[in-house]
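> Take a look at what Swiss-Prot says about it:
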- ASP269: active site, proton donor/acceptor (ACT_SITE)
- ASP129, GLU159: Mg(2+) binding site (BINDING)
- 1-17: compositional bias 'Basic and acidic residues' (COMPBIAS)
- 99-112: compositional bias 'Low complexity' (COMPBIAS)
- 1-26: region 'Disordered' (REGION)
- 80-117: region 'Disordered' (REGION)
- 127-131: region 'Interaction with 5' end of substrate DNA' (REGION)
- 233-238: region 'Interaction with 5' end of substrate DNA' (REGION)
- TYR185: site 'Interaction with 5' end of substrate DNA' (SITE)
- TRP304: site 'Interaction with 5' end of substrate DNA' (SITE)
- PHE322: site 'Interaction with 5' end of substrate DNA' (SITE)
- HIS358: site 'Interaction with 5' end of substrate DNA' (SITE)
Amino acid sequence: MELEARAEPRSPRAGRGEEEEDEDEELRLAKRRKVLCSEFAAVTSSDEAVASGFLAGSGWHLERALDAYFEAPMNEQTTAAAAGGGSAGPGSCIDLTADDTASNTSSSGADSKQQDDDSSFSLITWNIDGLDLGNLQERARGVCSYLALYSPDVVFLQEVIPPYLCILQRRAGGYTIIPGNVDGYFTAMLLKKPRVKVLKQEIIRFPTTSMMRNLLVVHVNISGNELCLMTSHLESTRDHSKERMKQLQIVLNKMQEESQSTTVIFGGDTNLRDSEVAKLGGLPKNITDIWEFLGKPQHCRYTWDTSSNTNLRIESKCKLRFDRLYFRPAAEGGHIIPRNMDLIGLEKLDCGRFPSDHWGLLCRFDVIL
């Protein structure tokens, strides 16, 4: 015998309360989806209609939607834009993965030659300005093009954001990628496979930072030599000079604590002024500023130069050596020696902007066998 289920009567006031909660939840969901659409559109240079289509198809998961977008052939991206009532736009014709095969083919000769040559290795450090979402897709492609061109063994990056990390993970398949965080903006280290063998890693948080800054430390082996690699983005702006100096002291202490049999290289966007280093009494005797070690070459002195780099479009013209590389050789002989240094990222892209508001630093090292 079936019994008819009857709902118990509820008061009109209780019903209104539940309806209001439902409406609030729907409003929060709508706002969240609008933010996701804006972020997707900014990264891909598409419109919100395209963003909505890819996000909806990926369960409103931003990273999955970006993966789907960058994996899609260009005609599918254009079709999605047309279906959404918008145009693909100038940015959406840039597919970061379309020329993967060509890039890998063109650089394979250089890669194999460098892997066979254990007498040298190269390193790039670069603040890629991921916080600037303008032309982000094309600027990211520009950075990846430099990585393909120079094929560095080690890359230090600062101001990486999650969508940019997705691009790097898809584009730089020949590298082990170690991020210093996964939220907000952070540093990342790229280590070429299989030449650079990762031994261990750690993240040291700066205890009094107000900008989520930390020190990413990775121990590796290159050509039989053990290295301790470190990168960081020290506290920004002139007003945070004291905090920046505290962070620098933590970095220098960590460099000195490492085993004397290990070569230590630190690099990143330090935001340092020379006067701040002087206030700390200069660098320890066993730690060298590589730019100074190489004779202070003027062509690569200023890595943040608003007189030449117009990305920020600010009227004041500043030239500062924010991006630096420090070196502590192994005590058991000079197995690794800095050879030269150059700036990269000096050419404007088709969008009329540079890959970043910072120039990158490319440094080459000799390995004494």
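Each Cβ is built from the backbone N, Cα and C atoms, and glycine gets one as well.
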> Are there residues at least six beyond either end of the region 'Interaction with 5' end of substrate DNA' (233-238) with Cβ under 8 Å to its Cβ atoms? List them, or say none.
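The answer is 127, 158-159, 187, 206, 209-211, 213, 244, 247-248, 251, 268-272.
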> Which ones are near TYR185 (site 'Interaction with 5' end of substrate DNA'): of the recorded positions GLU159, ASP269, TRP304, PHE322, HIS358, which have a Cα within 10 Å?
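Within 10 Å of TYR185 (site 'Interaction with 5' end of substrate DNA'): GLU159.
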> Limited to the region 'Interaction with 5' end of substrate DNA' (233-238), I'd like the whole-number average of pLDDT.
96
> With Cβ-Cβ distance below 8 Å and at least 6 positions apart along the chain, what are the contacts of ASP129 (Mg(2+) binding site)? List them in sequence order.
ARG139, GLU159, ASN311, SER356, ASP357, HIS358
> List, by number or range, the same-chain residues at least 6 past the region 'Interaction with 5' end of substrate DNA' (127-131) whose CB is under 8 A from its CB atoms?
139-140, 143, 157-161, 163-164, 185, 233, 268-269, 311, 322-323, 355-358
> Calculate the distance in Å between the alpha carbons (Cα) of TRP304 (site 'Interaction with 5' end of substrate DNA') and PHE322 (site 'Interaction with 5' end of substrate DNA'), and round it to a whole number.
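About 6 Å separate the Cα atoms of these two residues.
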> Restricting to the chain of ASP269 (active site, proton donor/acceptor) and a gap of 6 or more, list residues whose Cβ falls under 8 Å of its Cβ, or answer none.
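Residues satisfying the criterion: THR125, ASN127, GLN158, GLU159, HIS233, LEU234, PHE322, ASP323, HIS358.
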> Return one of helix, strand or coil for GLU159 (Mg(2+) binding site), based on DSSP.
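SS state of GLU159 (Mg(2+) binding site) = strand.
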> Give me the count of other Cβ atoms within 10 A of the Cβ belonging to PHE322 (site 'Interaction with 5' end of substrate DNA').
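Here the count is 22.
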> Would you pick out, from the recorded positions GLU159, TYR185, TRP304, the residue whose Cβ has the largest number of other Cβ atoms within 10 Å?
GLU159
